[in-house]
Every structure is written in structure tokens, then in C-alpha cells.
Amino acid sequence: TKTISKCYVQVTGMTCASCVANIERNLRREDGIHSILVALMAGKAEVRYNPAVIHPSAIAELIRELGFGATVLENCGEGDGILELVVRGMTCASCVHKIESTLMKTNGVLYCSVALATNKAHIKYDPEIIGPRDVIQAIKDLGFTTSLVKKDRSASHLDHKQEIRQWKRSFVVSLVFCIPVMGLMIYMMVMDSQLSDAHTHHNMSSEEMEALHSSMFLEYQLLPGLSVMNFLSFLLCVPVQMFGGWHFYIQAYKALKHRTANMDVLIVLATSVAFVYSFVILLVAMAEKAKANPVTFFDTPPMLFVFISLGRWLEHVAKGKTSEALARLISLQATEATIVTLGPANVLLSEEQVDVELVQRGDIVKVIPGGKFPVDGRVIEGHSMVDESLITGEAMPVTKKPGNTVIAGSINQNGSLLISATHVGADTTLSQIVKLVEEAQTSKAPIQQFADKLSGYFVPSIVAVSVVTLFAWIIIGFVDFEIIEKYFLVKVIIRFAFQASITVLCIACPCSLGLA
């Protein structure tokens, strides 16, 4: 008997089905090559050969001579089939041992592990020798009932609707309260600039300035130390802090629980410190019955939350669009297949409906007019027109006759076909496309990885800078009070130090938007 080995070759430069046919046709003619199967989307060829006659490197060379790039893949475990089963009727460890030992003795089963607690079996097998139906039958023969673990075909893990809703709500809440805060801010700025103009042109004394300032409506004190401006800002800030920032607080809490600092931690720190500080300052001013109104930062949280929740919302909308396309692709897959048994001269002996995951390589599948092709395969009998627009984008149906290849998910139109399955399960063209798109979504661009790495250091370093700022200004204030007095009319050192450190925190927040 000739020993037959199997190798996998990565093939680059294939553009369409004719490239696949070209490689398969030419390599089959070569001595020592038993069979070859090429998957276009995965860019992989599976070759069975006689090692006494030809080597994998020579096979790759043959493909290169046809004008394609080819490298031999070392880790050939990728061709193994994996099967997840639910096994019912096991009562003790001896049942588990019975199933495991029987399957491991079965030719073609490479690995088998059965868990009694979860009733699950995990099996690796060689699809050349054995298939999922044979494995299920072997377990049934032992007296247990078994079924496939149902795959989630709805692609619900790709659904971003809930996140989109959540961030949109967060953005709208923040925006509603942010607009009046911005209005108040702009009004104050305009009035302040007018006052300073009056001061320079009319040479008013600072007492007169103070009097004019406090006569403004927003500076009017409702209670001693509580101005209309601060009261309104506080009222507008509370709902944003509670509802707009809710998701940020949850995320930040989770991050801190795992001892990491992410963007959310920085946002929560900045907004909370600004809010709590302003609130405390107001209470102190009211307790002191202060004449001058304290400087508060109630405008910070709404503004920050608006920008950042808008960013998150847009990000999820973009993700949702790609995922929607993916979910549509997944929904194109057939769920069932009709497997037939052929007698001599291609006479139909029997047919049965099975789950598409149970189709094995080499099975004969019957596809009726209007039916979807459940797997990739080669036509053995029948003539028909097939709509392959889901893969090729070509509106006109393609003629299929014996020897032609068909693609899973495409629609058979007028004739009944018998096909021999070549690529099943995760190897079909459609599954490969879905896998590629999913990988593209989950993998990160190098610059993104770099940004993530940076932001890991970014957050703690900003917090550190902010704390340093706080203490530096407190020290400067106590050592040389004139500096602060010269530049600012604020008499309280701590207050100014806090202002400086909050400023550092708040400025760093949108900065990390740049990082993001």
C-alpha cells in the first residue's frame, strides 16, 4: 500500500474560481499527487501526496510555476474538524470513560473529551477519514442520545443596537443640559469683557466695578454666597452627572476593580472632582455668607459628557453598520441539507434531511430548484442555472453542469442538481468571508494598539501631574503669597490650587479623544 500524507499550502494571488480550477487541474496531472483541494477565500490548498515520490516544497514550487505565490504551512492542525456535542443519558464516570475509549479507538478521531457535569463532548477528527455523522452514530450505538450544540446563527453577538440606544440617550441628556450652561457661560464672558472695557475707558474704581458686577442679574444673590448663576449651573449639572454620566461611572468602576485605568476613569475623575469641588465651595461660601460669588466649575461635566458620549455614539453606529452587513451574510447560509445515497449508475437509493453542520466531505447533496446550496461542492449530475450574486455580484445566473463548482449560499434556479461536498462547515466560502470580516473587526491596527498602550500610561500620569500641580500651588501660595495676589484677586490659596489641578484633569480629557 502507498502511504499517503497530507500537507497545506498557503496560496496567494488567486482572484477567482478559474484560478482555483487552474491549480487543481494542473497539479492533479503531476506524479505522486493523490488529490488537491483549494479554498479561494482562505487562500489555502490541501494536498494529499505520496511522500516517496514528491515533497511539499516541490508541490509549492509547482504552484509557483503557475504564477501564484505559495508557501508550505507547517502547523497542519488547521485541517482537523472540531465537533461539540450534547450527550444525554450519562450517569457516572464509567459512562464518560466508555464514550471516550470507544471514540479514541475509532479510526479518524484524534482527540475526545467528555464532561459529565455539562453533558458536553468535545471531539477533534480528521475529515478525510470520518465525519460528524459517524461520530454521532458511534455514540448512539453505545446507548446514549446525542445532538449538536446549536450554533447561534442569528449573529446576536454582532448587534450594537442596545449600545447605540444607550449612548444616544446619554448624549441627548447631556446636550439638553449643556446648551443652557454654554449660554450662561457665553453671557458671563460677554458681560465680563464689557465690564473690563468700562473699567479701562471710564477709570472706575474697583469698588464701583464690584458694585456694577453684582448688579448684573446672574450675579444677584438668592441667599448670601449663592448667586443665580451658580444656582442655575448647579441645577443643570446634577441631571448630567446622574444620567448622562451613568455609563461612564459603571465602566470606570469596572476598570478600577481590575486595577487598570482607562479613558472612563479620567472622565469620571475630572467631572466628579469639578462637581464635588464646586459644590463644596458653594456650601462654604453660603456658610461664610460671602459677599463675592465663588468661582465654580459646574460647566465642566456637561461639556465633557456631551463631547465624549457623542464620540461613543458615533463609534457604535459605525460598528453597527459593519455588523449588520455581517449578520446579513450569516443569514444567507442554508440551515439544512438533503443528503442522498447513490446506487450503481447513480440511482437514488435514499435521501435524508440533516443539519448543515452534519454534512461531511464527500457526501452527495441534492439541491432542488429554488433551494440554497448548503456547502461548497462539485456538480456530479444535472444541469441548472445558479444565482451566485451573493459572492460574485453578477446579476446573470451561471450555467452549471457536471464538473462545475458551486458556492454555499448561492441559489439554484431551474434544474435539480446532485453535488459532491468539497468544503463543509467552517471551510465554505461564505463561512470564510464571515470569519475574515469578524477578524477584521476584532483585530486592531498597529497605531490603535500603540494608542491603547499609551493610554494605559496616559491616565495615571495625568492624575499624577494634576496632584503635583495641586501641591505645587499650595506650597507656592504659602511660601510666596504675593505671586498669587499679584496675578489673581483670589485670596484663598487652596481654592486656586484646586482650580489649577482640575484644569489639568479637564484639559486632558478631550486630549485623550485625540488618542482614541
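Quick reminder: no glycine exception, Cβ is built from N, Cα and C everywhere.
Feature annotation from TrEMBL assigns domain 'HMA' to 5-71, 81-147. The feature transmembrane segment is assigned by TrEMBL to 171-190, 222-244, 265-287, 457-481, 493-515.
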Check: Could you count the residues of the domain 'HMA' (5-71) that DSSP puts in helix, in strand and in coil?
Finding: 22 helix, 24 strand, 21 coil
Checklist line | Stretch in 222-244, 265-287, 457-481 most in contact with the transmembrane segment (171-190), if contact is a CB pair under 8 A | finding: 222-244
Checklist line | Secondary structure content of the domain 'HMA' (81-147), with strand meaning DSSP E or B | finding: 23 helix, 24 strand, 20 coil
Item checked: Rounded mean pLDDT for the residues that make up the domain 'HMA' (5-71) -> 88
